[in-house]
Each structure stands twice: as C-alpha cells, then as structure tokens.
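A.B. asks: The structure that follows is given in the form of structure tokens.
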C-alpha cells in the first residue's frame with residue numbers, strides 16, 4: 001500500500017509532468033488564467049489521462065506486443081486518446097455547458113496534449129503492470145492538475161498587482177512558472193521514483 005502511495009506522490013510532486021518533464025505546457029499556460037477553468041481542465045485531463053493509461057496498457061499488452069505491432073504504438077495510442085477525449089467532451093457538454101464554454105478550444109486539444117501521450121508512452125516503455133500504469137497516469141494527472149491550479153491562483157493574484165510593463169503578460173507568467181518549478185524541486189528527495 002505504501003508503495004502505491006509513494007508512486008502517487010512521486011509522480012505528482014517529484015516527477016511532475018509539467019515542471020520536470022515539460023509535458024502539457026500548452027494547456028498549462030493557456031487555461032491557467034482563472035482558477036475555475038484550471039480546475040475544470042484539470043479534472044477533464046485527470047479523467048482522460050487515467051482512462052487513457054488503462055486503455056493504452058491493455059492495447060499494448062493484448063494487441064501490440066503479442067502480434068508484434070509495436071510500430072503502431074503511437075498511432076494506436078493517439079486514436080485511443082482521441083476517442084477518450086471525444087467521450088469526455090460529450091459528457092461535459094451535456095452535464096456542464098458553462099464549463100464546456102470556458103474550456104473552449106482547450107478541451108479538444110487534450111487529444112494533442114503531449115502529457116497524455118507522453119505518460120502512455122512512458123508506461124509502455126517501463127513495462128509496468130496494469131495497476132502501476134494506471135496509478136502512474138492518475139498521479140501524473142493529479143500533479144498536472146495541482147500545478148495548473150496553483151499557477152492559475154498565482155496568475156489571478158498577479159493580475160491584481162502592478163507589474164512593470166516589460167514583465168506584463170507572458171514574461172511574468174514564465175517567471176512565475178520557473179519559481180513554481182523551483183519550489184517543486186524541494187520535493188526531490190521525497191521518493192526514489
């Protein structure tokens with residue numbers, strides 16, 4: 001049990017997909033202007049990333065490896081991720097139309113979010129078991145969501161302050177992201193993962 005907890009902590013805090021592996025930077029910068037939209041995007045990405053980790057593991061171990069179709073890995077993973085995103089988009093459109101409008105173009109862009117594909121490919125490369133792969137995907141998604149919500153909160157606070165003209169907009173956002181990354185380096189000794 002503690003092994004699974006350490007895996008979740010390791011993927012969320014120590015090996016964060018955004019701050020350490022630099023995956024998912026487009027939604028990290030694009031949807032993080034408001035905390036509400038960051039939470040919605042984070043929840044959608046968490047669902048997609050966790051489900052995609054499970055589905056891509058099943059495809060990897062029951063289709064690609066047994067039939068020696070390794071060369072179709074990226075294509076099949078992208079198709080699975082795209083189908084999962086379409087499912088999530090339909091659910092959000094039906095259940096939360098306001099969130100659907102807020103997320104806008106970024107919801108379909110989860111399909112091309114390199115964090116989702118990157119985690120699926122990292123899982124395939126490690127050769128881990130099913131539960132470990134799903135937990136790795138879930139932990140990565142939790143880390144992605146946590147960092148995006150923290151960053152959105154910081155950006156909301158920065159919008160209320162006076163920032164020098166040379167730093168307003170994207171420059172202060174990148175500086176803030178760098179400082180957030182430095183803060184997460186403090187978790188480096190937490191796990192061995």
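Glycine too: its Cβ is placed from the backbone N, Cα and C atoms.
Okay, these came from Swiss-Prot:
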TRANSMEM  5-25  transmembrane segment
TRANSMEM  39-59  transmembrane segment
TRANSMEM  62-82  transmembrane segment
TRANSMEM  102-122  transmembrane segment
TRANSMEM  134-154  transmembrane segment
TRANSMEM  170-190  transmembrane segment
A.B. asks: Does the transmembrane segment (134-154) reach the transmembrane segment (62-82) with at least 3 CB pairs under 8 A, where each pair is 6 or more residues apart?
C.D. replies: no
A.B. asks: Tally Cβ pairs under 8 Å between the transmembrane segment (62-82) and each listed stretch (5-25, 102-122, 170-190), then give the stretch with the top tally.
C.D. replies: 102-122
A.B. asks: Tally Cβ pairs under 8 Å between the transmembrane segment (170-190) and each listed stretch (5-25, 39-59, 102-122), then give the stretch with the top tally.
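C.D. replies: The listed stretch sharing the most Cβ pairs with the transmembrane segment (170-190) is 5-25.
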A.B. asks: Which bits of the chain, at least 6 residues beyond where the transmembrane segment (102-122) starts or stops, bring a Cβ under 8 A of a Cβ in it?
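C.D. replies: Sequence-distant neighbours of the transmembrane segment (102-122): 17-18, 21, 23-24, 26-27, 30-31, 34, 36-37, 40-41, 44-45, 48-49, 52-53, 56, 73-74, 77-78, 80-82, 85, 88-89, 92, 136-137, 140, 144.
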